[in-house]
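Features as listed in TrEMBL:
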{"type": "ACT_SITE", "residues": "HIS149", "note": "active site, proton acceptor"}
{"type": "BINDING", "residues": "ASP107, GLY157, TYR311", "note": "substrate binding site"}
{"type": "BINDING", "residues": "ASP184, HIS186, ASP272", "note": "divalent metal cation binding site"}
{"type": "COMPBIAS", "residues": "397-422", "note": "compositional bias 'Acidic residues'"}
{"type": "COMPBIAS", "residues": "423-440", "note": "compositional bias 'Basic and acidic residues'"}
{"type": "DOMAIN", "residues": "36-324", "note": "domain 'Histone deacetylase'"}
{"type": "REGION", "residues": "385-448", "note": "region 'Disordered'"}
Amino acid sequence: MDTGGNSLPSGTDGVKRKVCYFYDPEVGNYYYGQGHPMKPHRIRMTHALLAHYGLLQNMQVLKPFPARERDLCRFHADDYVSFLRSITPETQQDQLRQLKRFNVGEDCPVFDGLFSFCQTYAGGSVGGAVKLNHGLCDIAINWAGGLHHAKKCEASGFCYVNDIVLAILELLKQHERVLYVDIDIHHGDGVEEAFYTTDRVMTVSFHKFGDYFPGTGDIRDIGYSKGKFYSLNVPLDDGIDDESYHYLFKPIIGKVMEVFRPGAVVLQCGADSLSGDRLGCFNLSIKGHAECVKFMRSFNVPLLLLGGGGYTIRNVARCWCYETGVALGVEVDDKMPQHEYYEYFGPDYTLHVAPSNMENKNSRQLLEEIRNKLLEYLSKLQHAPSVQFQERPPDSELPEADEDQEDGDERWDPDSDMDVDDERVKREAVEPEQKDREGLKGMAEQARGFDMIADDSISTKVLDMSSMPIDEPSIKVEQENMSKASDHMYPHS
């Protein structure tokens, strides 16, 4: 099958998209610990490729403003967020009971700067949603985000804060319906669980199923109550290749777009579904993976692209670089330019790597059964569910224009170091409006829509949005220069 890479057609999809890209140069410094497969360094490697391929000059490059505690608490439990803020490698031995309660330890270790890391990657995803809401870009990218396993009250699968849920809540202020698509090899359980009972968010996850983390995502799991048929799961077996993957992806997502008609789409681009991943067992090429991005882009709906899994880090960087090119509609050369991480990509020094000859355990019969079952589910959906509109808080303030839009010649120098230029890269400051403490707390509870359960030991609660208004409490977006922003970096809650 010709996946086409990012050779975009000349029709509607041939139009260039305005892309916002969120990156914090500190993100690559966070370290989960020796031997841990999750390496934030891959984000810095991706950024280096983008710089040296000259892609940064085609995007608005933004440094995310760190998400505040109150922002994180729009989904996560207050005591869990407070724990993440206070825990350090030095103090963790004194908090063994809380470590167990919040599932922090082996897979999700305590490391230096843990809370700052959470604030950074969540800030990028929420900032991207704000940009899309204001129509300031067509596609927003945060490769540091996409941590889809985190739950309301606990860490899971290398994920501490669920930036995806936070970004979707932000998008719901402006859009009646939001579609979430997950192409990570692992089931997007945290996002599915959060929106399992609402028809305003549809979740579609393509993942390895059967004796594989997190063990959820059966084809029979379709949502509950108002959310019935608004969760779709595509359970796959080892060795799936590009052709088999798109035999499912395109008709299913095409039908979802036709029936659900989302106002915005969030695509989690976990790269552990690539061939040769350290923890994965699929056989997708980079072009096959990127074809999903190209397909979602073709609908010309506001699109938030997020990272996720990916543990053979040279291939993660290759993939997300190529997918940034797809988002921009820019052809990216296979021959890799010289850059500071060039030696990681030997001996070929190319962007693309060939899939392996591993066996594809997904028979055509199995694929047909999955496809038919999911299309049957979709046939039971009412077209584009409506939302009862209520009086809404005022819109967020529009951020000021980024300076490198004003001076088109002052862009990133691909030969320069990757550090962000303080004069040209703005922080995105995302703050709730100042309200009295009681009012803010009450509105946050309404926004989260949780059925509060007395038993503290129950940490997996479902987000019920059936009665949630179109708008959450409004937030104010400010873009400040770096000296002002530093004053707000660690606000007191």
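Heads up, the Cβ atoms here are built off N, Cα and C, so glycines get one too.
What TrEMBL annotates, mapped onto the structure for a quick look.
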residue	record	CB count, 10 Å
ASP107	substrate binding site	17
HIS149	active site, proton acceptor	27
GLY157	substrate binding site	21
ASP184	divalent metal cation binding site	26
HIS186	divalent metal cation binding site	27
ASP272	divalent metal cation binding site	23
TYR311	substrate binding site	20
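Within the model, the domain 'Histone deacetylase' (36-324) carries an average pLDDT of 98.
The two recorded residues, GLY157 (substrate binding site) and ASP184 (divalent metal cation binding site), have Cα atoms 12 Å apart. Each residue in PRO37, MET38, HIS149, PHE158, CYS159, PHE213, LEU279, GLY309 lies on the same chain as ASP107, GLY157, TYR311 and has a C-beta within 8 Å of the C-beta centroid of that substrate site, without being one of the site residues. In this structure the alpha carbons, written CA, of ASP272 (divalent metal cation binding site) and TYR311 (substrate binding site) are 6 Å apart.
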